[in-house]
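What Swiss-Prot records for this protein:
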type: BINDING; residues: ARG82, GLU125, TYR138, GLN206, GLY207, TRP208, PRO209, PHE210, PRO211, HIS212, SER213, ALA255; note: substrate binding site
type: BINDING; residues: CYS112, CYS115, CYS130, CYS133; note: Zn(2+) binding site
type: BINDING; residues: ALA172, GLU192, GLU233; note: divalent metal cation 1 binding site
type: BINDING; residues: GLU188; note: divalent metal cation 2 binding site
type: BINDING; residues: GLU188, GLU192, GLU233; note: divalent metal cation 3 binding site
type: DOMAIN; residues: 139-262; note: domain 'Nudix hydrolase'
type: MOTIF; residues: 173-194; note: motif 'Nudix box'
Amino acid sequence: MSLRWQAALLDPSLAGGWAVVHCRQQFLVDDSGVLFPRDWLKRLELPLLSEQGLGHFDGEPVFLFELDVPADVPGARWQGLRQFMQQVDPDLFRLLGYATQIGTWVSQHRFCGSCGSPMHARAGERAMYCPACGVQHYPRLSPSMIVLVTRGDELLLARSPRFAPGVYSTLAGYVEPGESVEQCVAREVREEVGVDIHPPQYIASQGWPFPHSLMLGFHAEYAGGEIVPQPEEIEDARWFHIDNLPALPARQSIARYLIELYLARRLGRPEPVLPG
């Protein structure tokens, strides 16, 4: 696994380094990229909500400038995280995904949810602290399952109304309180498409910063039942033969990895590399 990007708790009082600028799920970018000289950004007097030390990219320190409102910077524009997925290398996307999660967490914890007092970053750890009542919050992580259901040479794929036209993907959903991830897999498959599965096999995981999911990937074999798409959640679901697949999710997604991995094992091809 690449070590170009390494998360670390850096002290914002340190000088120099690079910075990414984030606001409302978008990053500032110019013709040179998304990393800006930090000292140059400081001179712009941006509407800074918080500055967070993120870690190191290619050995250089990287910081996050989380803005209160978007700012106009000559020669730069704002761009959403999903666009970067197709444009930058996986290590830089991991950095941006981490920055998104930290920035979202900071912006959503400006005030204490218990007493309403302003919250402050706690020195020495990634935490927001309320000095008035002592409540402490860490970055949020939402565990989610994603599963490829198969029946021999057939893959059960579905599409949400939110997908790009023609794209089908694997099934996914959030883990509910009190259930295991395996229980979540069986429940979500039953809810979304109405079929039963054999016990699922864990494959791999991927951080999914939209804005703070951890995708736990599984494969499950079909056990029985007819496909009945869940109203409002699933626009269409059907079995696809491996020789006649529809448009699939982006290659950087774990959904695509689960599909490509099954095809490789079924057809005796080299296995794909897990996306960062």
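Cβ atoms here come from the backbone N, Cα and C positions, even for glycine.
Cβ-based neighbour count (10 Å, all protein chains) for SER213 (substrate binding site) stands at 19.
Just so you know, the Cβ of CYS130 (Zn(2+) binding site) picks up 20 other Cβ atoms within 10 Å once every protein chain is counted. Only GLU188, from the binding-site residues CYS112, CYS133, TYR138, GLU188, GLY207, PRO209, place their Cα within 10 Å of the Cα belonging to ALA172 (divalent metal cation 1 binding site).
Long-range Cβ proximity for GLY207 (substrate binding site), meaning a same-chain Cβ under 8 A and a gap of 6 or more residues, is found for ARG94, GLY97, TYR98, GLN101, SER213, LEU214, MET215. For ARG82 (substrate binding site), applying a Cβ distance below 8 Å and a minimum sequence separation of six or more within one chain yields PHE210. Counting neighbouring Cβ atoms within 10 Å of each of the binding-site residues (GLU188, GLU192, GLU233), the lowest count belongs to GLU233. Each of the binding-site residues PRO209, PRO211 was scored by the number of other CB atoms within 10 Å of its CB, and the largest score is that of PRO209.
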